[in-house]
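Taken from TrEMBL, the feature compositional bias 'Basic and acidic residues' covers 18-33. Per TrEMBL, region 'Disordered' is recorded for 18-46, 542-563. Sequence annotations record features per position, and here TrEMBL assigns compositional bias 'Polar residues' to 34-45. The domain 'DEAD-box RNA helicase Q' annotation in TrEMBL covers 125-153. Annotation comment: TrEMBL describes 125-153 as motif 'Q motif'. The domain 'Helicase ATP-binding' feature in TrEMBL is assigned to 156-336. Residues or ranges marked as domain 'Helicase C-terminal' in TrEMBL: 347-509.
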Amino acid sequence: MDIFRVLTRGASVKKDFNRKGKSVDYSSSKKTETGNTPGTKNESAGQIERELDFFRNKRILNKVEEVKDNVTESAQEETVSETTDSTDDFLPKITTFKEATELRKSYKGNITGEDIPLPIGSFEDLITRFSLDRRLLNNLIENHFTEPTPIQCESLPLALHGRDILACAPTGSGKTLAFLIPLFQQIINEKDTLGLKGLIISPTKELANQIFLECVKLSNRIYLDKKRPLQVALLSKSLSAKLKNKVINDKKYDLIITTPLRLIDLVKSEALDLSKVKHLIFDEADKLFDKTFVEQADDILNSCTDPVLRKAMFSATIPSNVEEIANSIMLDPVRVIIGHKEAANANIEQKLVFCGNEEGKLIAIRQLVQESEFKPPIIIFLESITRAKALYHELMYDRMNVDVIHAERTPMQREKIIERFKSGDLWCLICTDVLARGIDFKGVNLVINYDVPRTAQAYVHRIGRTGRGGRSGKAITFYTKQDSLAIKPIINVMKQSGCEVAGWMDKISKITKKEKEAIKRGKAHTERKQISTVPKMDILKKKRKREMVQASKRRKLEEKEDV
Ligand SMILES: Nc1ncnc2c1ncn2[C@@H]1O[C@H](COP(=O)(O)OP(=O)(O)OP(=O)(O)O)[C@@H](O)[C@H]1O
């Protein structure tokens, strides 16, 4: 239980994103990641914390201490000071095209577009090249973000040069900071303009909330002038109401994070003015430009009327139709691809399990529970609310520590369950695709696709809830006879991600044109039999009993009416 709690606690579990595949020197530490001094807690927990404290090298701890000292001295100071210069000796700077090519080769970066700036080799590189605000750098280091990930190396200089960006990088590779860091710097640069300057659009409330929490970390102690802190808001129901009723002035905020519908509603009721927005970011862009959201995304674009509006789209999957849309709405965009566009995160071990039929899936999951493979925390994805509920009842019946999240649960219930899962009180989370995108649970060990996802993209995002921040993870996908077409795109993702694929899988993975069309039209997924281990005879007996009770009630009523 201790191990589980430590593995799943809300605090960051970070691993070096060393781009050259070298390991970091994890020398002895002064403090653990949570700030506890080793030895003050029980030994086993302390041991585990040390193992998970990936940033526990002397260099970084010294830097954090140094930053803390500086921050207390000058919390509201804006200018970049010499503190950072002392780090020049160990932090790489990219100054030539040759160095840039080498770096890009190391992380398989494919960057296309006109006048592409050099990537950065370190966060400190941003100081010399872009006069990065020291308080922003301090906040990064204090939160143990000491080295940029590949997508950050590329996106930061691009955004700070004011370029439109279409970025595709693996799940869990740090895309959030890739758009947040330059956005904060730009808001600081535009401090003389009052009102909303930046907008981040997310497809789900959960993800919007998570991005907001990252913003809170980054904006700590940043003031735009002596009295005015940089103001970030999550567009919640209550904030919407306050803005509508003019309880809050809409000029109060510099940056807002929101889901599309809530924003459109405010704009239509003229409670929020987007005409000064200069930075518009679509996180999970392919979702926001698919048929569910595209109209709302279009409305948002039309409401942001500033002529120098900069746009950025980020996702782990960017299908070609989204690229076309991006090219039509962006100005000279730069396309950043890290790794293979159609692949899953390489840190995830992927596996397919044939279960024959629906009953076989329940047997398979119960078998997994008996085996060492079933290591919490675990997320299980299903294709519908009904099925998620049904599996929840089955596993509850087995006395498993499990809960379920889907669109029918209230925001409060969803929030509480997520908290319990993060803190380690909940071992196994069943959900629909509502949690498939963007959500950053630290240390999820296993993702189970109880139902084969409908698209290769959905698969990449679902399994991307594990193997995040440089950690490893495992994904198991159940399939039955009726999924013979649906698993073909999944096998192709596995191949692209470098997984070992058996000969028979390779053979069946070839998709004909006709099959491609069928998959597109949703024909690969026929209706599934309901989830239940109760034998058919028992279901029939129950049904007959229910009908008999109803018939008897009806008869009694008729008799009464006759009297
Ligand atoms: N430079 C960094 N150094 C260390 N950890 C980082 C860095 N950047 C991001 N992280 C951590 O990596 C994890 C994954 O980041 P993030 O959620 O931004 O991934 P993502 O690429 O947006 O994934 P997804 O595609 O699933 O949305 C987070 O816990 C984040 O705090």
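Cβ coordinates come from backbone N, Cα and C, glycine included.
Unlike curated entries, TrEMBL annotations are predicted automatically.
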(request) For the domain 'Helicase ATP-binding' (156-336), would you mind checking the mean pLDDT of the predicted model? (result) 95
(message) Give me the DSSP three-state residue breakdown of the domain 'DEAD-box RNA helicase Q' (125-153), ordered helix, strand, coil.
(response) 19 helix, 0 strand, 10 coil
(message) Let's see if you can do this one: DSSP helix, strand and coil counts over the region 'Disordered' (542-563), in that order.
(response) 21 helix, 0 strand, 1 coil
